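Presented below is the structure to which this report refers.
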Amino acid sequence: YKPSVSPEMDIMEYCRKEWRGDTPAAKRMRKGYEAVAQKFASIRRIRGDNYCAFRATLFQALSQATQLPRWLQSEDFAMLPENLLSKYDWIKQWQLKQKPGKKMGEISDEIKEYLILLRKKWKNISEIKGPLEKQEACDKLFKNEEEEYSLYEALKFLMLNTAIELYNADKNGRRVPVFSWLLFARDTSSNPCQLMHNHLNHIGHSGGLEQVEMFLLAYALQYTIQVYRLYKYSTDEFITLYPNDPEEDWPMVTLITEDDRHYNIPVRMCQETML
């Protein structure tokens, strides 16, 4: 068993271990890590399966949560699978990681359970006052493989719901964020049904999140995801925000990536940064 979120390690120590050579790539990575180390003291490695973007984002969101997000408080939140199924028959083709091949008609209740679990965990962790206890609760949650993967299923379903909302808004002539056009401009996802078949159903199985899907995740959670993209050091894409014009009241989480495929998390903001 590999831990989902490894213990803290000093950022520069980690960097020296990983990037020893004198190649241009290694030099760029070291510069990138140095820049991150001015803001954060430590790094925690995230287990590298195809869920690492979910894992890193959710872990960061929960470990700094102080309240339940508005969208998790709504009365009909748990009714989402039923409501969507009543309008879109094709959602029956949704694939669950634990139950590949099971039909959506049968698993709508399970997705409802996953959504309720997400709300419960978020509520419980956000109510913990002490930072150490909160961290322990997060560590414990991410050691429970069954619960952890259930939460990712909930996130994927929320992404589908967000994609449907954006697609319909655009069709009805309302303003949508630019990434939404890009999402549906792909040959493989020209509508939400294709997005589900060709992308969302594969996340965690045969692929992770693509760039444009990081925007979708940010919109689904109503969080700004700030990413240090180390291989882009010294370009204006070194620190990328998803979305790049975030809503002012959205909280922010920070991730680190060396290649836009695998994500780790920086922790422990340096004192001077906090002041």
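The backbone N, Cα and C atoms fix where each Cβ goes, glycine too.
Unlike curated records, TrEMBL annotations are generated automatically.
Listed in TrEMBL:
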{"type": "ACT_SITE", "residues": "Asp49", "note": "active site"}
{"type": "ACT_SITE", "residues": "Cys52", "note": "active site, nucleophile"}
{"type": "SITE", "residues": "Glu237", "note": "site 'Linear diubiquitin binding'"}
{"type": "ACT_SITE", "residues": "His262", "note": "active site"}
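The least crowded of the recorded positions Asp49, Glu237, judged by other CB atoms within 10 A of its own CB, is Glu237. Taking CA atoms as the reference points, Asp49 (active site) and His262 (active site) are 8 Å apart.
A simple way to gauge crowding: the CB of His262 (active site) has 18 other CB atoms within 10 angstroms, across all the protein chains here. Neighbour count (other Cβ atoms within 10 Å of the Cβ, all protein chains): 23 for Cys52 (active site, nucleophile). Geometry remark: Glu237 (site 'Linear diubiquitin binding') versus Cys52 (active site, nucleophile), CA distance 21 Å.
Comparing Cys52 (active site, nucleophile) with His262 (active site), their Cα atoms are 6 Å apart once rounded.
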